[in-house]
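Student: Handing you a structure now.
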Amino acid sequence: TIHLSLGYIPEVFNLVKKKKKTQFFGCLLFFSRAVLYDKSITLDTKDLKIFKVSANGQAAKFELGAQHGFKGSPLEITLPFELSRGQHVIVEVEYETSPSASALQWLSPAQTAGKKHPYLFSQCQATHCRTMVPCQDTPSVKHTYYAQVSVPKELIAVMSAVRDGQEADPTDSSRVIYRFRQPVPMPSYLIALVVGALESRYFLDLFFFFEWTETMLKTAESLAGPYVWGQYDLLVLPPSFPYGGMENPCLTFVTPTLLVSTCNSPGVIAHEISHSWTGNLVTNKTWEHFWLNEGHTVYLERMIGRAMEGEQFRQFKAIGGLKELQEAVHQFGANNAATNLVVNLEGVNPDECFSCVPYEKGFALLYHLEELMGGPEVFMGFVKSYIQMFAYSSVTTEQWKDYLFTYFKDKVDILNKVDWNGWMHTPGMPPFKPHEADIKQLSSHQLIEFLALLLLQDPLPTSHVKRMQEVYKFNSINNSEIRCRWLRLCVKSEWEDAVPLALKMATEQGRMKFTRPLFRDVYNFAKFRDEAVKVFKEHRNEMHSVTAMLVAKDLKVDQSTGL
């Protein structure tokens with residue numbers, strides 16, 4: 001049972017409580033005069049059952065509009081009174097979510113590590129919050145929120161907010177209420193909730209990496225300005241979590257594959273920490289401008305790495321990112337508009353365009369501008385100023401570009417020579433390849449990039465990968481980044497012994513970075529195409545809904561019939 005209030009001005013509100021055992025109920029929405037221009041309000045919803053709506057305690061008329069594919073149905077609310085200047089309105093919506101809500105993944109006890117209690121986690125990016133809360137589900141709108149979550153007392157609730165205490169549920173002695181408040185305005189896709197038998201654990205092997213978190217935060221503050229979110233916690237999610245991490249304020253979600261990918265752990269954590277400034281504090285206004293979130297975040301992530309490990313480390317990570325971008329462009333096709341930096345999402349589900357393109361093509365542009373404007377220190381000064389200028393708001397690429405020209409007003413002649421159309425609106429690889437230094441000393445990261453380079457080439461003879469296994473024992477490596485690339489290399493080389501290992505990795509965790517390419521490669525191995533489809537169908541109910549949808553598309557499985 002959850003009671004959630006969204007403050008479209010920075011306020012906190014109490015909520016009326018009502019019992020529901022398995023699904024979400026109750027949403028209190030607060031709108032300022034700036035949002036309400038007349039007596040009608042339109043909220044995004046999808047698969048929600050609306051019971052009633054009230055405004056300042058008075059019953060309000062409401063109607064669910066027609067379904068619009070992935071966008072769901074608009075909830076049209078008519079206020080029962082006229083508005084006066086400066087009037088505050090509290091709109092209360094009583095509703096229930098659907099068991100198939102795409103923002104929520106419900107795990108049975110059998111699907112958890114402890115096998116005793118169920119588990120729930122949410123993932124609202126990009127447009128899934130509307131399946132959990134009726135809201136203005138767009139990154140162009142920011143709000144504060146307050147929540148009360150009632151759960152069985154053997155479970156713990158955490159959210160993307162500051163903890164605000166807990167108490168016994170006065171209506172049920174077997175339950176406890178957790179309270180949360182988020183006073184910093186943020187977009188709806190950053191609302192996050194986890195309920196489960198959570199524990200704090202000390203992982204000796206990972207302590208060296210996770211202890212870097214405080215150092216990374218301090219380094220990020222020195223680069224980008226004060227951290228405004230209060231607390232910073234890391235939560236390792238179940239294997240079905242489809243991403244490497246999710247930058248929910250106060251509560252970063254991370255994939256459990258980090259537990260066996262220690263050489264990549266600091267990079268993932270640095271990336272999610274960086275989102276506290278680029279993405280959470282300054283946000284892309286629409287998903288067409290997603291690169292503003294991710295390109296700047298990769299840039300800040302690598303600047304953190306530079307401060308802690310040196311410029312060669314940053315250069316090496318940039319080389320790896322460029323290789324990932326080449327593979328993504330190859331996968332989409334060099335003329336596919338999905339590889340534009342600024343994409344056209346008219347009628348397109350943003351999840352279907354998810355790739356490393358906005359991350360690495362965005363970083364490549366910023367790195368190119370860094371070279372043109374005078375180096376890392378000079379350009380980081382711009383990034384910090386950009387964050388300060390647009391903090392707590394949402395921006396477009398044009399606004400970013402206008403500010404870039406304003407900040408570097410003495411270098412406008414150089415900026416005018418940049419092929420902006422080639423960078424922003426042309427598919428394929430960037431129009432300019434940034435100069436990158438070479439890394440001569442061997443490191444653990446180089447093995448990852450060595451395998452990534454081999455994946456970009458024609459498949460090796462099967463005898464070659466067998467010999468590599470004999471010499472280097474790749475099959476015994478548990479590091480997820482290395483293991484995924486190695487198994488993909490083997491499957492592409494049509495080594496049949498690697499197929500069950502590849503399918504096992506594709507299904508024992510749910511990070512899309514690993515699951516999708518492994519399934520695709522097995523599917524493209526003609527002899528095992530049916531096996532790839534069969535294994536996917538056996539495991540699709542264990543997957544996050546976004547993962548299942550995209551793998552089904554990769555394998556050409558009809559999502560309506562499952563055939």
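We count from 1, first residue shown onward.
Just so you know, glycine gets a Cβ as well, placed from its N, Cα and C.
The following feature annotations were taken from TrEMBL:
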ACT_SITE  GLU272  active site, proton acceptor
ACT_SITE  TYR359  active site, proton donor
BINDING   GLN123, CYS124, GLN125, PRO242, TYR243, GLY244, GLY245, MET246, GLU247, ARG511, MET512, LYS513  peptide binding site
BINDING   HIS271, HIS275, GLU294  Zn(2+) binding site
DOMAIN    406-555  domain 'Peptidase M1 leukotriene A4 hydrolase/aminopeptidase C-terminal'
Student: When the domain 'Peptidase M1 leukotriene A4 hydrolase/aminopeptidase C-terminal' (406-555) is classified with DSSP, how many of its residues are helical, how many are strand and how many are coil?
Tutor: 104 helix, 0 strand, 46 coil
Student: Where the distance is taken from Cα to Cα, which of the recorded positions TYR243, GLU247, GLU272, TYR359, MET512 turns out closest to GLU294 (Zn(2+) binding site)?
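Tutor: The smallest Cα gap between GLU294 (Zn(2+) binding site) and any of the recorded positions is with TYR359.
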Student: Within 10 Å of the Cβ of GLU247 (peptide binding site), how many other Cβ atoms are there?
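Tutor: Looking across every protein chain shown, the total is 24.
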Student: Determine the Cβ neighbour count for the residue listed as 'active site, proton acceptor': the number of other Cβ atoms within 10 Å of its Cβ.
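Tutor: Result for the residue listed as 'active site, proton acceptor': 26 neighbouring Cβ atoms inside 10 Å.
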Student: Filter the recorded positions GLN123, TYR243, GLU247, TYR359, MET512 down to those whose C-alpha lies within 10 angstroms of the C-alpha of HIS275 (Zn(2+) binding site); answer none if the list is empty.
Tutor: GLU247
Student: Starting from the Zn(2+) site formed by HIS271, HIS275, GLU294, give every other residue of that chain whose CB sits within 8 Å of the mean position of their CB atoms, in sequence order.
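Tutor: Going along the sequence, the neighbours come out as GLY245, GLU247, GLU272, SER274, THR278, GLY279, ASN293, THR297, VAL298, GLU301, TYR359.
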Student: Between the recorded positions GLU247, TYR359, MET512, which lies closest to the residue listed as 'active site, proton acceptor', Cα to Cα?
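Tutor: If we rank GLU247, TYR359, MET512 by Cα distance to the residue listed as 'active site, proton acceptor', first place goes to GLU247.
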Student: Measure from the CA atom of HIS271 (Zn(2+) binding site) to the CA atom of GLU247 (peptide binding site) and give the result in Å, rounded to a whole number.
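Tutor: Cα of GLU247 (peptide binding site) to Cα of HIS271 (Zn(2+) binding site) measures 8 Å after rounding.
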Student: Are there residues of the same chain, six or more positions away from GLN125 (peptide binding site), whose CB falls under 8 angstroms from its CB, and which are they?
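Tutor: In sequence order, TYR189, LEU190, MET246 meet the Cβ cut-off.
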Student: Whole-number Å distance between the CA of GLN123 (peptide binding site) and the CA of HIS271 (Zn(2+) binding site)?
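Tutor: Cα to Cα, GLN123 (peptide binding site) and HIS271 (Zn(2+) binding site) are separated by 18 Å.
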Student: Ten-angstrom check, please: count other Cβ atoms within 10 Å of the Cβ of TYR243 (peptide binding site), all chains counted.
Tutor: 22
Student: Would you kindly give the Cα-Cα distance separating TYR359 (active site, proton donor) and MET512 (peptide binding site), rounded to the nearest Å?
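Tutor: Between the alpha carbons of MET512 (peptide binding site) and TYR359 (active site, proton donor) there are 15 Å.
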Student: Quick check for the class: what is the C-alpha distance, in angstrom and rounded, between TYR243 (peptide binding site) and TYR359 (active site, proton donor)?
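Tutor: Rounded to a whole number, the Cα-Cα distance is 14 Å.
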Student: How long is the line from the C-alpha of GLY245 (peptide binding site) to the C-alpha of HIS271 (Zn(2+) binding site), rounded to the nearest angstrom?
Tutor: 8
Student: The domain 'Peptidase M1 leukotriene A4 hydrolase/aminopeptidase C-terminal' (406-555): mean pLDDT?
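Tutor: Looking only at the domain 'Peptidase M1 leukotriene A4 hydrolase/aminopeptidase C-terminal' (406-555), pLDDT averages out to 89.
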Student: Whole-number answer please: how many Å between the C-alpha atoms of the residue listed as 'active site, proton donor' and HIS271 (Zn(2+) binding site)?
Tutor: 11
